[in-house]
Amino acid sequence: MLANRANRLVLKRLVHLNTSNIIKPICSYRSLASSSKSKTQFTKKPPISEFSIDEILEHFILKKKTIEGKENKDKNTIKVEKVNTKIDRFSSEVIIKEKNKKNNNIEDEDEFGIEEMIAKNNNNNNNPNNNNNNNNTKKVPTFNRFSTEVIVKSNNNNINEFENEEITKNNLNKKAPKFNRSSSGVVINTTSNDNNNDKNNNEFENEEIMLNSGKTNKKASKMDRYSSEVIIKEKNNEEILVNNNNNNNNNTTTTTNNNNNNKASKMERYSSEVIIKEKKDNNNDIEKDDIEKDEIIVNIMNGFEDKDESAVEFLKRHRIEHQVPKSTIYLKEKTMEEDEMVRKRLSVNRDNINFSNNKNRKQIFTKKNHQNGAGILPKGLANNIVKNDWMKRQMTDPYVAMAQKNDLISRAAYKIINIDEQIQLFKPGQIVVDLGAAPGGWSKYIQERVTNRGLVISVDTSSNFQLDKDCFIHGDFTLTETQNKIFELTKFKSLNDLKLYKHSLIHSDSKIQNLIENGGANGNGSGNGDLQKQPIDNMFKQKSACYVDVVVSDMAPSYSGLQQVDHSRLIDLQRLALFFAFKTLKKGGTFVCKVSRGGEEKKFFKLLESNFISVKSMKPGASRSESTEIYYIGKNYIGK
């Protein structure tokens, strides 16, 4: 009972001390349980009589001390919260601890906090604009995203010129550009190590750092997609050496390099290694570049016929100003050579081709020679030079190259050559009608096959016929007028007879003139007088017309671009050619025509089968794979 009374008296005295905050932990058994080591001791509510007065007083003293300590800390934190800033996205606990240690004269346990506070105090003392700095500390940018440990350490190395300037600039950066994604530690370590070198290095680095920090930070350009670590190392290790060499040799080159550094805009997507190597090559290998320029100018001049001094000067200026690469010059030389070769091939007289030797003809027109050939230009070169798709196709077509080499008029001649090689259409002494003959590729080959004992009559509505026009008729074959001209030419039956007739019109034969003057073959004037009344050409006109052996048709209408329309028009045109063949062909004759796939060609094929003993369809090797054209060959015409 006495113990309980004593405890109650102590509690009453505590109430008079206005320490109501202390009463709660003392009176509650839970707080005592938390202060003890084991919580299992207080499973039940203990009576107050079990605690002695000494224990209660000890708890009271401890709690009082802890509360006083918390009040002191709260006072300190209140002072700091007024000046608290978002310095480095780190908590201000380290700074507060270091302030407390400094006020209480405690030894330095954390070097980072004390050094950082000293650095900031020094900066505030050195800079006259302390008010501006204090205002700026309220809006310190999120600059580095890393700790300022390296910055503070580098400040202690007595390198005040660069670092003080950089710290002030960093404090003044209100917009806080996201400049380096790498740590600032690398930047400052490299600069601090380089500052221990010679004065020449320090001059270059200070200029470069001022440019990088002063200009590029304001614009906040996307300077490097690479880390700044590589750029700074390469610049410090390689570019400084280049600039030192240039300073010793040429004073002018340093100014140009500084101007180029001011324009460091489009540096991304390339590493600094390439830039530094190019600077070395441009500065150290000037003589090599001049030699290469002279060689390139000589190569350009080799392609021109006129080698005047004005042209040389123009090319030199063109080379120095625009810096033409070697690849374009190579292409220009090749194209000029190819143009000369094409001009030479086109200038050849196409009439002076002779296939009199049968062996030579087989060497030119066999399948092996023109099946896997090359075009006039390689495909890669043609794609770089020629823009027109049709010209690209022509320049890379092997049959075009073969036609120029063998002095043929067009590549279409190889179509009839392929058909003749397989079916053997033509023989010497035949009469052939070529419908749609212009420009004369088929007619030239067929005339060589039938020889001068045969005859090829060429008909076309176009006047672009590049052969001798003695056997050419300009007109529409469906008209009776042109058909009569064709029948008149068939009276000659051979090319030799036709040439003799043309020659007689120009230079009359002396024997014929004597017969006309004497009135007869005996010279007595008692002849029948037919030669006197009739002109000279009636001698050939007395011959009767004959039917032809072969009718070929490579005609095509003007294309509209609509596949079905063009197909039906082509079938109609070849049907007219077939009706013409019915009039002119002899029994056992041959008909060759071009059609396209589209549906209507099947009916036309059946029409051929009803008039010819054998009918074949064929796609020549010279016909392009993307084309829908095919050729129908009807042999052994039945006749009426």
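Cβ coordinates come from backbone N, Cα and C, glycine included.
For K594, the entry in Swiss-Prot reads active site, proton acceptor, with the evidence type similarity to another entry. According to DSSP, K594 (active site, proton acceptor) is assigned to a strand segment.
For D554 (S-adenosyl-L-methionine binding site), applying a Cβ distance below 8 Å and a minimum sequence separation of six or more within one chain yields A412, K415, I416, D434, L435, G436, W442, K594. The annotation S-adenosyl-L-methionine binding site is assigned in Swiss-Prot to P439, G440, G441, W442, D460, D476, F477, D554 on the grounds of similarity to another entry.
Per Swiss-Prot, compositional bias 'Polar residues' is recorded for 180-192.
What Swiss-Prot records for 242-262 is compositional bias 'Low complexity'.
Residues or ranges marked as region 'Disordered' by Swiss-Prot: 175-206 (among others).
If you look up Swiss-Prot, you'll see 242-264 (among others) marked as region 'Disordered'.
Feature annotation from Swiss-Prot assigns transit peptide to 1-31; the stated evidence is sequence analysis.
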Across all chains shown, how many C-beta atoms besides its own are within 10 angstroms of the C-beta of D476 (S-adenosyl-L-methionine binding site)?
13
For W442 (S-adenosyl-L-methionine binding site): DSSP state (helix, strand, coil):
helix
Near D460 (S-adenosyl-L-methionine binding site), which residues of its chain come within a Cβ-Cβ distance under 8 Å, counting only those 6 or more away in sequence?
L435, G436, A437, A438, F472, H474
Using only the residues recorded as binding S-adenosyl-L-methionine (P439, G440, G441, W442, D460, D476, F477, D554), report the maximum Cα-Cα distance in Å, whole number please.
19
Three-state secondary structure of D460 (S-adenosyl-L-methionine binding site) from DSSP?
strand
When you measure from the Cβ of P439 (S-adenosyl-L-methionine binding site), which residues in the chain that are at least 6 apart have a Cβ under 8 Å away?
I409, S410, N464, F465, Q466
